[in-house]
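Shown next, in structure tokens, is the structure this report addresses.
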Amino acid sequence: MIWLKNLRVPILLAIILVVYNEYFIFFIAFSSCQWPCKYGRCSESSVKAFMISDTHLLGKINGHWLDKLKREWQMYQSFWISTWIHSPDVTFFLGDLMDEGKWAGRPVFEAYAERFKKLFGDNEKVITLAGNHDLGFHYAIMPETLEMFKKEFRRGLIDEMKIKKHRFVLINSMAMHGDGCRLCHEAELILEKIKSRNPKNRPIVLQHFPLYRKSDAECDQVDEQHEIDLKEMYREQWDTLSKESSLQIIDSLNPKAVFGGHTHKMCKKKWNKTGNSEYFYEYTVNSFSWRNGDVPAMLLVVIDGDNVLVSSCRLPSEILQIMVYIFGGIGIVILAFILISRRVRIFKRRPSYSLLMYRSQEKCD
């Protein structure tokens, strides 16, 4: 108990360090993000949406339990704290929800889906898309995996929905290979049906793969922290959709904005429509997980009439968190050592002082 009293301050500081690093850094990060509303205030008819991609919940093959615990805690904190601060109308998860869904049998897939729902919720405000890690790339997709995803996440090849009268079209990127297979043929028929209706209001297109581009050299900066990778070249149908499929989506849907993920890098690209003055922006969202980069991100999107307003929101840096733990931990250990050393010196002095007092009293007698 004596030693514990001396360590009260270091123990209190250790608790504060953990609380700060596991809670307050998320509040600080998300408090600095803002909805990009016109004139600083969003109208009641506007839709406020989070765009999140590539959560990659780890599985048994590639995921160590400690890595899994750390990443899922980071994403859980990020999602719920940002939701509490900003209150979005809807959150879109743009694919690769799971890391090993493509290899999972039914029991494992169901357990995967249950973990995702526990982390991010299971209600009408959480809308998911499939990615290649959920189903596999085009030639690796099994009908059973496709059905399991449809059952667990209520998502077809192409879905159309309305939120506050704003249209959204959700596309399974792996069904846009364009090779005439049953999957692609079914997706193309749905696109043609949407095109034939020719609705007046242009939709927001959501998918996992970005539209075709050779590299991120074609991108504009999304924010000040965005460093554009000029070296990596993208492969059609692996890193992006093919050029033909991209043009088919643009021609069929005439989108007012496109959002995707997959590359684990941010991108903002302007697309000009041939034959008229219309254009739209495509946004690629960074991964939401620390496992795929030091500073994950999401997008805060406001759809207000024909305007699609976008701002990026960076999550806390994992390296910064680690450095705070290291230097804070070293400081606490040094403080504890000083307090213990001081206690030991005081404890050693007491016997000699008592003995001296005792002998002095004997001489006086």
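A Cβ is built for glycine as well, from the same backbone N, Cα and C atoms used for every other residue.
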Per Swiss-Prot, Asp54, His264 bind divalent metal cation 2; matching candidate in Asp96, Asp99, Asp220: Asp96
For His262 (divalent metal cation 1 binding site), the three-state class that DSSP assigns: coil
Pairwise CA distance, Asp54 (divalent metal cation 2 binding site) versus His262 (divalent metal cation 1 binding site), rounded so that it is a whole Å: 7
Other same-chain residues whose Cβ falls within 8 Å of the Cβ centroid of Asp96, Asn132, His208, His262, the recorded divalent metal cation 1 site, in sequence order: Ser53, Asp54, Leu94, Gly95, Ala130, Gly131, His133, Asp134, Ser173, Phe209, Gly261
All-chain count of other Cβ atoms within 10 Å of Asp54 (divalent metal cation 2 binding site): 26
Binding-site residues compared (His208, His262, His264) - highest count of Cβ atoms within 10 Å: His208
